[in-house]
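Working notes, beginning with the structure itself.
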């Protein structure tokens, strides 16, 4: 029997998987988000780099194989083994654990470098190059902000691509603080360790806000709000809301004694180097335009050549999956639109929709950068559906004991709950 602190098992209906209920406390719901990230990562490792139409269908040869609903090994990854997505997310949590619930981007960077020294099987190009450049600054110990100088150097060389390497690990950030402003600051800080451009960081901002707000909705017994193209536009470009407040207070405000964070100069430099306020507004507009009509996006028909690892595309896939995941417990179920089975895939994974948390399988069946699509979508599914996570998916995770170790310390009732 699977044991996770603060969770309970749900007896399955006939033909349905046994599930774990993480909905009974805030600390448990935060576990659900982290488990969601690792589950998505590990499910996606099976179909990572596979051609969506030529290779992915071969992985689902028959329903009895269980995939995509079960973790499986492939030629590179063991069953339940996290990739760089999950490993780097756990580096953030490990740092927070070692520093006794303090976020320090320099310490996070050091955890990344220690992990990189283990010769991981796969590391994104931008991530690797930024970390190797940063190591020189940290070794010289001559710059207190050396922890992101490699990323900045890469950006100035026009080699910092708007890739999803920051977004893939971002799901843990909303778990570390109940303060939205702090969560947004930490989102930027952890992102620019490896990815300095607006295009790489802004999707992380949306990701953080959605997860954070879902957790708060559960905490306060409020209905969940599912994002739409309209609400995403308002979130990013509106003149009210969390991101607008953060920009007004911490990105555009002049430095005044006692009114700035420790990293205010880092934040304002990030805006300035990227082109300033107008450039940020242009990047926001571009992101909103790219995400427009994500509800009707057709990821199984998309051409992923040369763009599979782009952050905006990766977020669009996650938003699409979340939109089509809506559980029958939601008031807007009457407006639910199931995902049709594409002609090149079997019909059985698309039956019995909506699937709630299990909608994560729709993104890993895309192939391409599937582990990262899963690692981005998983935290959203965990935040929205903590009550119904398949037990087998958690049981087979190789990092499960690590998750429980950190979670038992970080997300205790005394720290986070009223």
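Every residue gets a Cβ built from N, Cα and C, even glycine.
Lifted from TrEMBL, the feature list:
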- 1-22: region 'Disordered' (REGION)
- 83, 84, 85, 369, 371, 372: Mg(2+) binding site (BINDING)
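Of all Cβ atoms in the protein chains displayed, 28 besides its own lie within 10 Å of the Cβ of residue 369 (Mg(2+) binding site).
Cβ crowding, taken as the number of other Cβ atoms within 10 Å, peaks at 85 among the binding-site residues 84, 85, 371. When Cβ neighbours within 10 Å are tallied across all protein chains shown, the highest count among the binding-site residues 83, 372 belongs to 372. Other residues of the same chain near the Mg(2+) site, with their Cβ within 8 Å of the Cβ centroid of 83, 84, 85, 369, 371, 372, are 41, 44, 45, 48, 86, 122, 168, 370, 374, 375.
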